[in-house]
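Pulled from TrEMBL:
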type	residues	note
TRANSMEM	45-67	transmembrane segment
TRANSMEM	79-98	transmembrane segment
TRANSMEM	168-191	transmembrane segment
TRANSMEM	203-223	transmembrane segment
TRANSMEM	235-259	transmembrane segment
TRANSMEM	280-304	transmembrane segment
TRANSMEM	324-346	transmembrane segment
TRANSMEM	374-392	transmembrane segment
TRANSMEM	398-420	transmembrane segment
TRANSMEM	570-603	transmembrane segment
TRANSMEM	615-639	transmembrane segment
DOMAIN	618-668	domain 'Cationic amino acid transporter C-terminal'
TRANSMEM	645-663	transmembrane segment
Amino acid sequence: MIVSMQDKGEALLSKCSKGFKSLVRRKQVDSVHVRREGHQLARKLTALDLTAIGVGTTIGAGVYVLVGTVAREHTGPALTVSFLIAGLAAALSAFCYAELASRCPSAGSAYHYAYICIGESVAWLIGWSLILEYTIGGAAIARGISPNIALFLGGEGNLPAFLVRHTIPQLGVVVDPCAAILVLIVTILLCAGIKESSLVQTIVTTVNVCAMLFIIVAGGYLACKTGWVGYELHGGFFPFGLNGMLAGSAIVFFSYIGFDAVTGAAEETKRPLRDLPLGIGMTLTLCCILYMLVSVVIVGLVPYYALNPDTPISSAFSANGMQWAAYIVTAGAVTALCASLMGSLLPQPRLLMAMARDGLLPAFFSDISTRTQVPVKSTVTTGMLAAVLAFFMDVSELSGMVSVGTLLAFTVVAISILILRYAPPEEVPLPSSLQQFIDSVRKQLDDDSQSMERKEFNDADIVEQSPSQSDHGEASIQYPLIEKQFSEGNQDKQNPRRRRNIAVWNIALFCIGVLVLTSAASAEYLPRLMGHVLNVLKANRLRISYHISLECGMTKHDFIIVYKSNILMLLIVLLGCISLVRFSFGTVGAAILLCSLVVLACLNQDEARHSFGHTGGFLCPFVPFLPAACILINAYLLMSLGVGTWIRVSIWLIMGALVYISYGWRHSSLTNAVYVPMAYLDHIYRASSSHQV
């Protein structure tokens, strides 16, 4: 009986261990050894094409509206500095993306990198979040195009009848045919081929950039004529102080989201090791320069408090007698939205294709057209879904969910850089069909290793059997080289393993410290929540206490004074406790963060990083400090998002977990994979290729 229970316990433990290992299993970097079945994506994109895709996706119509709101409420004339700080913060993620894109140039972007460096469950989480981001982002952009087209044509009444928004009386739903048609047009264009769609993207992005250059040149000319009145204010350059400028940086940071779309076309790039980092760098640099120049001009044309929050650029030109410039600004906004729509719909089919290749989604999504060499089925599916959402739903309330997917991806990419540098995967998965070659190579290498150990042991015996070896000191003097090599060989085998374990634990501790610190720093809603609770308590307690006070002979006036003083004292105590708890948690998180970062900085980076993936590409500088700063910034922005956004995202993630458990976990291509050390890989492929010959 006891033996049976022990067997059941061991079986349950083995099953749990196997289930946990399946959550952290990692796939192999796509390399010359990996041969894709079926047709391949067409490698036709250059660095210029990638830059057009990145700039088009990044510069949306938000900049045409965002500058007014941020300048009026947060920064004042310091808006340019806010854009610069936000651009530098985005550059941290761009550096991490650039290295991983050149080392692992495959479709899937952050999902692909997480699958290689962290594990399958985290990769699924990122992939599922990015699916939501691209779908809602595309629908939201499409819903914003029709009002701008109507504005450009002089009003909604000038639109054709079949493009005008109207309300379904029975449902109270505002449908937008123009948005749905635009999504379908972009979907057809994406199905035509990557080179054709990138050419259209380049044209549309060029028009958008020309519109922004017009704003910069014409606005600068007007500002020179009027004497840059926006900067001659009594409040100075920082009317809202340093905190306002930093708050503005956090808001305009989201204007830089979109450069990661470059990595979605990694498999279609001619020279990925060079063009992918170049495309990411050129995208971010160009966007930052344009944002800063536009903000310099607009804030200088009129005082920041006079900017129209809805149409800041048009109103600034109108205030200086250039009403006709509104047409050019509106044209820029329309082209910016069209380019962003194309950029949002381009990466999602490649992401679905990558997830289907790995078995986490049905194979339907991995099919590639023989004629156009693009994933047509995935493109049509995502385009139809986005068109339906754009037609029926006003997804502006869900736009915050787009930021969650992007920030999660940025954070995971930075963590992947730390893992790649300090603890890259030691084993790679191979298909079970190569089992006989794996066993043969493993036996051969083990025999060689044993023979080497026997040789070392015999060499050590020579030392032991020497007549002059009366003690350890004499032996080390007589045979110093043999003893030194023998001891160094054992240290070389132990030290890398110990160093890797230390690195892994400190990376985990750093992430925990960041989570604790950012949670404490962003928990500003707690005092407001406590205020609401106290109001409820006050309303209920007031009635009870008043009746008790009357029975005790206290007057109504005295009762109100005592009651208010008690409530005030209680509020002060509670707020003090909350502040103390937040400060304590923040201090603990900061201590964990700093200690783990110092340990990582003192550790040597793993030598295996040099042979990981495709070598010779871009390398992220200042590791571990740059990825650590990237993780901290993105985690803070994630924690600062509203509670309602996180509730909606949590529902989506729970749905994703159910899909993964019911399908992805069971059909993963790594289910029956055999993991072998990296050192065995070349020997196994050589053995299998010679057998096939």
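In case you wondered, yes, glycine gets a Cβ from its N, Cα and C as well.
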Candidates 168-191, 324-346, 615-639, 645-663; stretch with most C-beta pairs under 8 Å toward the transmembrane segment (203-223): 324-346
Interface check, the transmembrane segment (168-191) with the transmembrane segment (324-346), three or more C-beta pairs under 8 A: yes
The domain 'Cationic amino acid transporter C-terminal' (618-668), counted residue by residue under DSSP: helix, strand, coil: 40 helix, 0 strand, 11 coil
Contact ranking winner - 79-98, 280-304, 324-346, 398-420, 615-639 against the transmembrane segment (45-67), Cβ under 8 Å: 324-346
Stretch-averaged pLDDT - the domain 'Cationic amino acid transporter C-terminal' (618-668): 91
The transmembrane segment (398-420) in contact with the transmembrane segment (79-98), cutoff 8 A, at least 3 CB pairs, sep 6+: yes
For the transmembrane segment (79-98), sequence-distant contacts whose Cβ falls under 8 Å of one of its Cβ atoms, 6 or more beyond its ends: 67, 70-71, 245-246, 248-253, 255-257, 259-260, 262-263, 276-277, 280-281, 284, 287-288, 291-292, 295-296, 299, 304, 410, 413-414, 416-417, 618, 620-621, 626-627, 629-630, 633-634
Same-chain residue ranges lying at least 6 outside the transmembrane segment (324-346) that approach it to Cβ under 8 Å: 53-61, 63-64, 134, 137-138, 141-142, 144-145, 148-149, 151-152, 182-183, 186-187, 189-190, 197, 200-201, 204-205, 207-208, 210-212, 214-215, 218, 258, 261, 264-265, 311, 313-314, 317-318, 379, 382-383, 386
